[in-house]
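Here is what Swiss-Prot says about this protein:
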type	residues	note
BINDING	GLY202, PRO203, PRO204, GLY205, THR206, GLY207, LYS208, THR209	ATP binding site
CROSSLNK	LYS406	ubiquitin cross-link
MOD_RES	ALA2	N-acetylalanine
Amino acid sequence: MAAVGVDSRRPETAMEETCNVKGAAAKQGEGLKQYYLQHIHELQRQLRQKTNNLNRLEAQRNELNSRVRMLREELQLLQEPGSYVGEVVKVMGKNKVLVKVHPEGKYVVDIDKSIDITKITPSTRVALRNDSYVLHLVLPSKVDPLVNLMKVEKVPDSTYDMIGGLDQQIKEIKEVIELPIKHPELFESLGIAQPKGVLLYGPPGTGKTLLARAVAHHTDCTFIRVSGSELVQKYIGEGSRMVRELFVMAREHAPSIIFMDEIDSIGSARMESGSGNGDSEVQRTMLELLNQLDGFEASNKIKVLMATNRIDILDQALLRPGRIDRKIEFPNPNEESRFDILKIHSRKMNLMRGIDLKKIAEKMNGASGAELKAVCTEAGMFALRERRVHVTQEDFEMAVAKVMKKDTEKNMSLRKLWK
């Protein structure tokens, strides 16, 4: 009888081999898992990259499509026949207006159905088709680019808190400028006309322009700033045209404030015999300004601020009530006002303890607000020159001596000067 084969290995050895086989299989499975995970991550990365490329290409396609549409519209406009430019004289009914076309004359024309009749008023610039003379487009007002530049786009950051020693002036300008713009019903209830213009006059450096900037900051309206010298032009009639367009722009962007600095350059008193064509042109500009201030169409949404340091040479026709309703004087600050101004300009400075600003204010008798600000700046420059990060009393004293230009001997010590 044949012997049956028996496994002669020990049970421990068989179990070890079985465990080794299972461990090898587990390692192989773990390796395959890591391989496929890396492969999945790589595919996901490629998918994200392809998605980003697709989004970028779609954005480029949309941009190119928009450019194509814009160019097609521009090409269509270029292929259209030209139009006549006219000015509306009178609205006649629901679909007809009387238009003046220079130099041909006046015509009664039809209005295109796409035009809103409520937007058409006298003096509106319009476009007429050259074949049928149908009004098909309302044009914006023609304003000189130089006049457009006078409109201040960014609201000034000056506030009333930055102005010292002018409490009475601030109160008066609020009554004339801010109150009519923010609460016009108060004037209507009293039955009085709103003030049109304000004249700020006083020595240079007393805060006239600074207060005008603060008014623009606190009133939510368009601020137009123009210097009187900008309205003096070389050719006859140019200055008058700029004044007209200035008020046209103010009416379009109402409520608005027109600030005319150095008004004495065009508003000086008229003489019987001028010295030349230059004076005559300046007088024409002033006459146009007077006409605009009177205004055949009085607007309560336009306020005029004027500033000058030579009120004595201004024409009396400009100063009469109805054109300039309030005149606000800006004198040099007194001792208390000088102290307030010094506190305002030095509150951001790194000062040493014990600085006596009241003593500085006492020594600057007759100084203007601009000179007080210059003293604070010069004191900081003296500290900077000594490589210090703080300002001392001596820095202020030297700054006062420099700004005020004391008539003293050069070798005189500062201690003797301030005794």
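Glycine is treated like the rest: Cβ placed from N, Cα and C.
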### Message
Around the C-beta of PRO203 (ATP binding site), how many further C-beta atoms are within 10 angstroms, looking at every protein chain?
### Response
14
### Task
Report the same-chain neighbours of PRO204 (ATP binding site): residues 6+ apart in sequence with Cβ closer than 8 Å to its Cβ, ordered by sequence.
ASN309, SER368, ALA370
### Message
For each of GLY202, GLY205, GLY207, count the other CB atoms within 10 A of its CB; which of these binding-site residues has the top count?
### Response
GLY207
### Summary
Other than GLY202, PRO203, PRO204, GLY205, THR206, GLY207, LYS208, THR209, the chain contributes near ATP (Cβ within 8 Å of their centroid) the residues ALA307, ASN309, PHE330, SER368, GLY369, ALA370
### Query
Which residue, out of the binding-site residues THR206, THR209, shows the minimum number of other Cβ atoms inside 10 Å of its Cβ in this structure?
THR209
### Task
Measure from the Cβ of LYS208 (ATP binding site) and count the other Cβ atoms within 10 Å, all protein chains considered.
25
